[in-house]
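See below for the structure under consideration.
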Amino acid sequence: MRMSFGLTFKRTAKVHWRANFSQQCSLRSTGLFVPPSPPLDPEKVKELQRFITLSKRLLVMTGAGISTESGIPDYRSEKVGLYARTDRRPIQHGDFVRSAPVRQRYWARNFVGWPQFSSRQPNPAHWALSNWERLGKLHWLVTQNVDALHTKAGSQRLTELHGCMHRVLCLDCGEQTPRGVLQERFQVLNPTWSAEAHGLAPDGDVFLTEEEVQSFQVPSCSRCGGPLKPDVVFFGDTVKPDKVDFVHKRVKEADSLLVVGSSLQVYSGYRFILTAREKKLPIVILNIGPTRSDDLASLKLDSRCGELLPLIDPR
């Protein structure tokens, strides 16, 4: 069950936004959104190596913390997460579905942020997990991220728990469209539209003024004329039951669980930690800062994912 079909990663045509956003994003500092962490503890690295060596059916769950080193911020990290830097909050599912103006605002902001968000590339942590899969160490990978970076790194035994921003769905007929194709439709409908944006979010959102949003034209489904929504689980929505059941089965098949870059504050991911605990699986957590499940972990590491994971030999 690979949840990553229908992706294209070509760069889209140039869009009209003012220089300060593109210059800001072009810095691509890998440390911009990564919280400070202590130096690697050699003894803990050895413990993680021992854990991986003994694991025969390892399940890995990743969160936003694995992608901060690729230049995509997370929500909750102290000082550098979206919640710490701004008073903005993610869009709510009910608001998006019910309100055309909310959808217009969302898509205008997403249109501006898309070229930078979609151009982000995997970092050493993504490549390490892909290599673990290739060498037969990884039983399954569950990501809470919507950035497609695991897919770009070549991971195939993958479930995108919250969907993927690289796909768009019609709310009426379910027609699926690659996000890059929709970007071209946006450009055709808004040939002279421009905006000044600030602050990329974990889902590719940026911040615009209401005046900039009001003139933005949003296309409808090319098949039925219905409203379009990214194929992701917005806040206030729930993961589909069949996907939850699928991941529960993968957890029950596993003999160990590694959490990478997640505070586990969201129940959609935390519930699988509870399943692992019920099954008495050893749990290791790699995340800078406290998590909801630190008391359940046999080992907790506060290190950069891209610094630590490549040091581990999966064989």
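Numbering starts at 1 and runs along the chain as displayed.
Here the Cβ of each residue, glycine as well, is placed from N, Cα and C on the backbone.
Annotated in Swiss-Prot:
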{"type": "ACT_SITE", "residues": "HIS162", "note": "active site, proton acceptor"}
{"type": "BINDING", "residues": "63-83, 144-147, 261-263, 287-289, CYS305", "note": "NAD(+) binding site"}
{"type": "BINDING", "residues": "CYS170, CYS173, CYS221, CYS224", "note": "Zn(2+) binding site"}
{"type": "DOMAIN", "residues": "38-315", "note": "domain 'Deacetylase sirtuin-type'"}
{"type": "TRANSIT", "residues": "1-29", "note": "transit peptide"}
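Where Swiss-Prot records a feature, it is marked here on the structure.
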{"residue": "GLY63", "record": "NAD(+) binding site", "DSSP class": "coil"}
{"residue": "GLY71", "record": "NAD(+) binding site", "DSSP class": "coil"}
{"residue": "ASP147", "record": "NAD(+) binding site", "DSSP class": "coil"}
{"residue": "HIS162", "record": "active site, proton acceptor", "DSSP class": "coil"}
{"residue": "CYS170", "record": "Zn(2+) binding site", "DSSP class": "strand"}
{"residue": "CYS221", "record": "Zn(2+) binding site", "DSSP class": "coil"}
{"residue": "ASN287", "record": "NAD(+) binding site", "DSSP class": "coil"}
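Same-chain residues at least 6 positions away in sequence with a Cβ under 8 Å from that of CYS170 (Zn(2+) binding site) are, in sequence order, THR177, CYS221, ARG223, CYS224, GLY226, PRO227, LEU228, LYS229. Taking the centroid of the Cβ atoms of CYS170, CYS173, CYS221, CYS224 as the Zn(2+) site, the other same-chain residues with Cβ within 8 Å of it are LEU171, ASP172, GLY174, GLU175, SER220, SER222, ARG223, GLY225, GLY226. Cα spacing between GLY71 (NAD(+) binding site) and CYS173 (Zn(2+) binding site): 35 Å, rounded to the nearest whole number. Averaged over the domain 'Deacetylase sirtuin-type' (38-315), the predicted model has a pLDDT of 92.
In the structure shown, the C-beta of GLY63 has more C-beta neighbours within 10 angstroms than that of any other entry among the binding-site residues GLY63, GLY71.
Around the Cβ of CYS224 (Zn(2+) binding site), the number of neighbouring Cβ atoms within 10 Å comes to 12.
For the binding-site residues given as CYS173, CYS221, the lowest number of other CB atoms within 10 Å of the residue's CB is seen at CYS173.
Cα of GLY63 (NAD(+) binding site) to Cα of CYS173 (Zn(2+) binding site): a span of 30 Å. The two recorded residues ASP147 (NAD(+) binding site) and HIS162 (active site, proton acceptor) have their Cα atoms spaced 10 Å from each other.
Between the CA atoms of ASN287 (NAD(+) binding site) and HIS162 (active site, proton acceptor) there is a gap of 20 Å.
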